[in-house]
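Lifted from Swiss-Prot, the feature list:
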ACT_SITE  Glu23  active site, proton donor
ACT_SITE  Lys157  active site, nucleophile
BINDING   Lys84, Val104, Ser138, Arg139, Asp140  substrate binding site
BINDING   Asp136  Mn(2+) binding site
Amino acid sequence: MNIVFSKEVESALKHKRPVVALESTIITHGMPYPKNVEMALNVENIIRKQGAVPATIAIINGIIHVGLENDEINELAKLKDVIKTSKRDFGYVLANKKNGGTTVSGTVLVAQKVGIPVFATGGIGGVHRGAEITFDISRDLDELSTNNVLVVCAGAKLILDLGLTLEYLETKGVEVLGYNSDKLPAFYSSSSEFNVTYNVHSASEVAAIMKAKWKFTNGGIILANPIPEQYGLEYEYILDNINKAIEQAKVEGISGKKTTPYLLSKVLELTEGKSLEANIQLVYNNAKVAAQVAVEYAKQK
């Protein structure tokens, strides 16, 4: 398979320095231009300041890129024909030399293949509301269960059924570690009514858990990192707006891949931009923690 590494990432992997994988759908589908470029470059710099190397993963003209130069991020952010790429899409996107923004599951898949054990994102996908009828369950959860990658996130997106998402993760053997929290963060909000599997208190503790688990068995780990309080939105406030967005999606017949981008856009409108700022801040926070964990894991190896 043709995978191109940036010089920075190639050197880091060769010398076993800490690397943090980053998805690209947050650039291609998650935020408007030029906010997406600004956020992506800031995330990379946050990771570098913590002593790790950022590796944004994307598909450009049918070639998987692990690590992007600044001009490549800028070009990717402006493209209109980018395919949201999870495991099922790789064959089509690669064979037809298309452009792809890798989802959480797509990024986990590539990270595992190239040996990057830490990945930072905003929030994971999960079990959609009404999944008992629609069977709409994100590929993220299955990919996490089979690949040795730690995903640092602010929990699952609040547009999902958080309770069922946790149940599914338990079935798949994926632990959800709360970073200095007993409760699952709810993306825009720092807490929810749901409990995490274990509360952990430091990057070194997380790194030790990664090492111990993967010495014994395979499978991903979620580090649920709450959005800093000063940037978080009230749980009931954001939940109310999400419910309104979900009802509107039903009216407009939105389904499948289009659901998440539609709902995030609608929530942005309903919260008058507050959700976008919260989204950016939680991604920054996750990048910082992921880099700290990657540094500790590199020491323990």
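Residue numbering: from 1, along the chain as shown.
For all residues, glycine too, the Cβ spot is worked out from N, Cα and C.
Between the binding-site residues Asp136, Asp140, Asp140 has the most other Cβ atoms inside 10 Å of its own Cβ, all protein chains included. Under a cutoff of 8 A between CB atoms, and with a sequence separation of 6+ in the same chain, the neighbours of the residue listed as 'active site, proton donor' are Thr56, Ile57, Gly101, Thr102, Thr103, Val104, Gly106, Thr107, Phe119, Thr121. Under the three-state DSSP scheme, Ser138 (substrate binding site) falls in the coil class. The substrate site is defined by Lys84, Val104, Ser138, Arg139, Asp140, and by the 8 Å test on Cβ atoms against their centroid, the other residues of the chain that qualify are Ser86, Thr103, Ser105, Gly106, Ile124, Gly125, Glu143.
Cα separation, Arg139 (substrate binding site) to Lys157 (active site, nucleophile), rounded: 14 Å. Residues listed for substrate, Lys84, Val104, Ser138, Arg139, Asp140, cover a largest CA to CA span of 13 Å. Highest Cβ count within 10 Å among the recorded positions Arg139, Lys157: Lys157. Ranking the binding-site residues Lys84, Val104 by other CB atoms within 10 A of the CB puts Lys84 at the bottom.
Listed in sequence order, Val104, Ser105, Ile124, Gly125, Gly126, Val127, His128, Leu160 are the same-chain residues at least 6 apart in sequence whose CB falls under 8 Å from the CB of Ser138 (substrate binding site). DSSP assigns Lys84 (substrate binding site) to a strand. Across the fold, the C-alpha of Lys157 (active site, nucleophile) and the C-alpha of Asp140 (substrate binding site) stand 12 Å from each other. Between the CA atoms of Asp136 (Mn(2+) binding site) and Lys84 (substrate binding site) there is a gap of 16 Å, rounded to the nearest whole number.
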